[in-house]
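Enquirer: Before I ask anything, let me first share the structure, which is written out below as structure tokens.
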Amino acid sequence: MGYRRSYAITFVALVAALWSVTKAQPSSSCVSTLTTLSPCLSYITGNSTTPSQPCCSRLDSVIKSSPQCICSAVNSPIPNIGLNINRTQALQLPNACNIQTPPLTQCNAATGPTAQPPAPSPTEKTPDVTLTPTSLPGARSGVGGGSKTVPSVGTGSSSRNVDPLPLHFLMFAVLVVCTSSFL
């Protein structure tokens, strides 16, 4: 009787783990759609400073036909596929191609971008907003060529630095737990 209970608990844990792993990954239709962006690899891996024309045209068609796939790619962790993908450069790809995209804040992992609120009518009074650049303490101001953000390799911890647990490792761990009850 105890063995049945442990198998049932293990089975429920396995189903829950598999469900959470598959829920976090893009759908297969989005994976095939995103693979059409292969001409963009040289840009998002840092091997090119500007995206190619085929990259920009394919990105434009993906954004027009399947914007939910772009949201899915942004919301999912970058899998370890042997490529050194620069997430910052990947997120700057639409700007580099001069392509308008919905703001990332409108991405919803389940449904893709949501509709934008209607623009205020010309008769409505909207407050004037002045945008001014801000600077960090100790930053120099004045004439210069701008600044570049360079990612640093620190010793601090961050949840973004942790790779997701691979499915095959999870399956191996479940197998070990299941077979350990026979020992």
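Just so you know, glycine gets a Cβ as well, placed from its N, Cα and C.
According to Swiss-Prot, the compositional bias 'Polar residues' annotation covers 149-158. Here Swiss-Prot flags Cys30-Cys71, Cys40-Cys55, Cys56-Cys97, Cys69-Cys107 as disulfide bond. The region 'Disordered' annotation in Swiss-Prot covers 108-158. Feature annotation from Swiss-Prot assigns signal peptide to 1-24; the stated evidence is sequence analysis.
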Enquirer: For Cys56 (disulfide bond) and Cys71 (disulfide bond), what Cα-Cα distance in Å is obtained after rounding to a whole number?
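Expert: Counting only the Cα atoms, the answer is 17 Å.
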Enquirer: Which ones are near Cys69 (disulfide bond): of the disulfide-bonded residues Cys30, Cys40, Cys55, Cys97, which have a Cα within 10 Å?
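Expert: Checking each Cα against Cys69 (disulfide bond), the hits are Cys30.
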Enquirer: In whole Å, how far is Cys107 (disulfide bond) from Cys30 (disulfide bond) when you measure between their Cα atoms?
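Expert: Checking the Cα atoms of Cys30 (disulfide bond) and Cys107 (disulfide bond) gives a distance of 15 Å.
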Enquirer: If you measure Cys55 (disulfide bond) to Cys97 (disulfide bond) at Cα, how many Å is it?
Expert: 8
Enquirer: Spatially, and counting Cα to Cα, which of the disulfide-bonded residues is closest to Cys97 (disulfide bond)? Options: Cys40, Cys71, Cys107.
Expert: Cys40
Enquirer: Provide, as an integer number of angstrom, the distance between the C-alpha atoms of Cys71 (disulfide bond) and Cys107 (disulfide bond).
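Expert: That comes out at 5 Å between the alpha carbons.
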Enquirer: Run through the Cβ atoms and count how many others sit within 10 Å of the one on Cys40 (disulfide bond).
Expert: 24
Enquirer: Rounded to the nearest angstrom, how far is the Cα of Cys40 (disulfide bond) from the Cα of Cys107 (disulfide bond)?
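Expert: Rounded to a whole number, the Cα-Cα distance is 22 Å.
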Enquirer: In three-state terms from DSSP, label Cys107 (disulfide bond) for me.
Expert: strand
